[in-house]
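**Student:** What follows is a structure written as structure tokens; I'll ask about it next.
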Amino acid sequence: MTRLAPIAVSLGDPAGVGPELVAEAWTRRESERLLPFFASGGASVLASAAERRGLSLRVTAIAHPSEAAEAFSRGLPVLGGHDAEYRPGEPDEQGARFALASLTQAAALAVRHEASAIVTGPIAKSHMARHGFTQPGQTEFVADASGTSRKAAVMMLAGPSLRTVPLTVHTALADVPSLLSIDLIVSRIRVVAASLRRDFGVEQPRIAVTGLNPHAGEDGRMGTEEQRVIGPALDLLRQDGFAVSGPHPADALFAAHERGRYDVAVCMYHDQALIPIKTLDFDQGVNVTLGLPIVRTSPDHGTAFGIAGTGQASAGATIAALRMAGECASYRRER
Ligand SMILES: NC(=O)C1=CN([C@@H]2O[C@H](COP(=O)(O)OP(=O)(O)OC[C@H]3O[C@@H](n4cnc5c(N)ncnc54)[C@H](O)[C@@H]3O)[C@@H](O)[C@H]2O)C=CC1
Ligand SMILES: NCC(=O)COP(=O)(O)O
């Protein structure tokens, strides 16, 4: 079997923790048994981030992704001349433009199959939006870059303890009820089930779905979305053979004794899905975009400007994102 193409890594905002964590992941490549990866630009960003963190990092310029596997043992391969000067914790326009260039190149390489997956470093959405980033987040960016409709690109958070999917994501809580529809729930859960099969090897995924309201609406006394929208959507999915359960009261669904009963919990809004993951698995949590023609993962955390450059940030989630990207790419190739 031919070797997987290397993984392309976008560094995120250089003023955040992304570059130093990628540098650390490279230094731990053997003990963590990571597949070869390369950075999309940022040779001097990486060198400076590594020095601040006290890491011994060699950077190896490559001219094409096909050189990454051989270069990986000698140094962290870097493709592309885009770079930036930066101050940790102080995001600026140059850094935002660098982050966008790094992301753009990495996504394009994955789309052209010159990279087997893309792992994206964290960006600050509001800051990026002021400097040319037009999507709500990197999920929508990789959807657009790969020609996927945004509706079909589904965010999933995955860690050792559980997987969760927020059906609505970067939207005001007040808008969530009107955004939930039978069509949204059915179409996104179809993507979730297909992706768990294709990218994670879960052949018959058990999908637990939360309600929106306390006690999943308590028979309509505390809200009616469960009766009008969520319940009917799940009925349609059951008719088509999907192993869905719910709507469940969200408050108890993440307890240890519940988590063994499902492969993924589908939730109605961002915090319902992300609080359990970040509470249980912060340091190993991965954000993966389902439904794309490419594999994309990211650490679950953000830019952490407050601790960038101090050496306090853990590389656990970045390493988990690199590992998961390789595993998903391998599952796809085997199918
Ligand atoms: N994948 C991405 O690109 C993501 C980007 N963000 C962006 O990040 C920015 C900051 O968001 P916040 O809500 O403050 O989340 P954050 O994840 O940056 O920080 C939350 C808390 O976790 C800590 N933390 C984060 N990463 C850590 C690590 N690796 N090791 C140890 N501690 C860590 C921070 O110091 C802070 O106390 C926002 O502008 C947001 O848009 C947030 C989440 C994901
Ligand atoms: N809260 C998750 C997050 O902000 C990641 O979003 P994205 O940039 O991966 O779309």
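Glycine is no exception: its Cβ is also placed from the backbone N, Cα and C atoms.
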**Student:** Quick check on the annotation: TrEMBL has LYS278, ASN287, ARG296 binding substrate, so which of THR139, THR168, THR171 does it put in that site too?
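**Tutor:** Given LYS278, ASN287, ARG296 bind substrate in TrEMBL, the matching entry from THR139, THR168, THR171 is THR139.
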**Student:** Which single residue out of HIS127, HIS131, HIS170 does TrEMBL record at the divalent metal cation site shared with HIS215, HIS270?
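**Tutor:** Checking HIS127, HIS131, HIS170 against TrEMBL: the divalent metal cation site match is HIS170.
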**Student:** By CA-CA distance, flag whichever of HIS170, HIS215, HIS270 among the binding-site residues is nearest to THR139 (substrate binding site).
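**Tutor:** Smallest Cα separation from THR139 (substrate binding site) among HIS170, HIS215, HIS270: HIS170.
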**Student:** What is the one among the binding-site residues HIS170, LYS278 whose Cβ has the most other Cβ atoms less than or equal to 10 Å away?
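**Tutor:** Within the set of binding-site residues, the most crowded position is LYS278.
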**Student:** For HIS215 (divalent metal cation binding site), what residues in its own chain, 6 or more apart in sequence, show a Cβ-Cβ distance under 8 Å?
**Tutor:** MET222, PRO249
**Student:** Please report the three-state DSSP label of LYS278 (substrate binding site).
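**Tutor:** Looking at the DSSP assignment, LYS278 (substrate binding site) belongs to a helix.
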**Student:** Per DSSP, to which secondary structure element type does HIS170 (divalent metal cation binding site) belong, with helix, strand and coil as the options?
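**Tutor:** SS state of HIS170 (divalent metal cation binding site) = coil.
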**Student:** Take the C-alpha atoms of HIS170 (divalent metal cation binding site) and ASN287 (substrate binding site) and report the distance between them in angstrom, rounded.
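**Tutor:** Spelling it out, the Cα of HIS170 (divalent metal cation binding site) and the Cα of ASN287 (substrate binding site) are 14 Å apart.
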**Student:** Output: those binding-site residues from THR139, LYS278, ASN287, ARG296 whose CB lies less than 6 Å from an atom of ligand 2, in sequence order; none if no residue fits.
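**Tutor:** If the test is a Cβ under 6 Å from any atom of ligand 2, the answer is THR139, ASN287.
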